[in-house]
Amino acid sequence: MTTASDLIQSSSEMKNKSASVSSSLLPAFGTVVDDGDLHLKRNVIAPYDRRYRWWQTFLVGLVIYSAWASILELTFDKAANGVLLFIDLVVDFFFAIDIILTFFVAYFDTSNFILVDDHLKIAFRYVTRFWLFMDVASTIPFPLINKILIDEWHTGQVFSLLNLLRLWRLYRVGELFKRLEKDIRFSYFWTRLLKLICVTLFAVHSAGCFYYWLAARHKPSEHTWIGRLIGDFKQKGFWHGYICSIYWSIVTLTSVGYGEFYSMNEGEKIFNSIYMLFNMGLIAYIIGNITNLVVQSVVKTFAMRDSINEVMRYASKNQLPEGMREQMLAHMQLKFNTAELQQEEVLKDLPKAIRSSIAQHLFWKTAEKTYLFQGVSDDFLSQLVSEMKAEYFPPRIEIILQNEIPTDFYILVSGAVDVVTYKNGTEQFLSNLESADMAGEIGVIFNIPQPFTVRTKRLSQVIRISNHQFKQMVQSESTDGKIIIANFMEYLRGLEKDMLQELPFLTELLADQNVQPTAQNEEKQNRETMDSTDGNPTGTSNTSDPSLSAGTIRVIIYGYHPSKKTISGDRLGKLIYLPNSIADLFNLAEKKLGKRGSTILMADGSEVEDLSALRENDHLFIV
């Protein structure tokens, strides 16, 4: 028995597995993803190993620091001293470790989609590509080399520019966001929004620092954007210059332009022009992404409003009555309110085995409580439940209309419905149905137009069962079919008089059903007596006797030759249960049709000689 804790644990494991599958590294078919089942060579790391993923995430944090510090150290000479130098060395040490680890990380060969774990192939791939050169170049501590060789921090601009090679590591941030966008454990909206914020902050930081760098190296300093207002800006503190730069960058990015800082020389004018052109593309990118995120959050609302407007236009154009318009509007609103609960939309892309398991979890207990399926086998109920569909109906909506073709019948899960009929244009209430009750099964089993109208009293959830699929399953499971017929006949015997009056053929059918079992029981007792006399002391009967199952087969009999044309009224047959012998069939036909026949023909003119060859709903012509 599955407990609640097992379900919670299973759900957690499934979520973790889904998160691993949503990563950017997807193994090919036949490649095992579970870490415990990997068969890699010794000292080889799987690219989707959880510990390696955490290592990569840790490096992303160091990349963000490197991107911020490398540009800052280029612009402000004072920032390259002291604490930042020590932190840079520590960061470079971790990336040096990552370079060594990369020689032991397996990779997917895109030509055949196989996980390669050969050490020589891994090393050859890493060495012959551009990655190793850039990883090594971005890890070399150029500020330290500059300090050792020149012994002055404010000179050696070549080494400071080489320090910008650390920006190569930013590709790791892009890969992280790709994984997060596919990871179901994180909100796509907030992940995408965080990415846009990071791009914007990096653009503001980079532009502000480069603009200050231009001013710091221009002579005279008074002819610069910041020297015009602050003559001794180089002697000011580091944070004073950085704040002024970020302020100018944000004002320019947002196209506000208060006028405190503006270009004073050709170099600044060129950079300012390039930055404003870049801002146009950046703002368009940000607005487009945010618009897309917002639209995605309300696209269902737009679809609902459009659908409702179309329904109302249709009702108005065709001059439908007000009550019908209200029903259409209520149904459309309920459809969108329960869209997340409609399993057709959720499960249509899942394998059939998963859909069947979910259907059994949702519908099994309800189907088991219904009178029609009491006592049937678990196999039959499992097949039936797998084909069930859930639907919701708002109050005062007709689920079944009187005299419509019986294509489906329903099991009420929650809510309540009324069963009504119409006589001479007047509505007559018959009964009320609640949870675990059924509606429409009479029309389906008898294959007649639905005798009643079924209307919801309040919001109701029902399970729909297809007529065609139900009959196919009943025909393939004869034992369960007999149980269902017995349950159905027992239900008919308990119907109220008002409902029986709407089905006049039921009175005659139930009377025949009451007589027939008595005759069968007498015959069975006679056979048991004969068996015991012939040396069968147990008194058991022969279960292979076809007469034992004949009484559960329904056929339709007619009193004319199948090729004879009669008026429409004479073509109506009589629905009966097949008796045990041909002689009993002739007697029953004489009683029902008013004349005795001597030959039994099928619809194609073939003569019936053995009743065991007949099937459910066969048409017999007694002539």
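All positions are counted from 1 along the displayed chain.
Note that Cβ sites are derived from N, Cα and C of the backbone, with glycine treated the same way.
Listed in TrEMBL:
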type	residues	note
TRANSMEM	52-71	transmembrane segment
TRANSMEM	83-109	transmembrane segment
TRANSMEM	193-214	transmembrane segment
TRANSMEM	239-258	transmembrane segment
TRANSMEM	270-288	transmembrane segment
DOMAIN	372-491	domain 'Cyclic nucleotide-binding'
REGION	514-547	region 'Disordered'
DOMAIN	554-623	domain 'KHA'
Applying the under-8 angstroms CB criterion, which one of 83-109, 239-258, 270-288 scores highest with the transmembrane segment (52-71)?
83-109
Beyond the flanks of the transmembrane segment (270-288) by at least 6 residues, Cβ under 8 Å:
196, 199-200, 203, 207, 210-211, 214, 252-253, 255, 263
Can you tell me which parts of the same chain pack against the transmembrane segment (193-214), counting only residues 6+ beyond its ends and a CB-CB cutoff under 8 A?
64, 67-68, 71-72, 74-76, 173, 177, 224-226, 241-242, 244-250, 252-253, 267-268, 271-272, 275, 278, 282, 285-286, 289-290, 293
Tally the residues of the domain 'KHA' (554-623) by DSSP class, grouping H, G and I as helix, E and B as strand, and everything else as coil.
19 helix, 17 strand, 34 coil
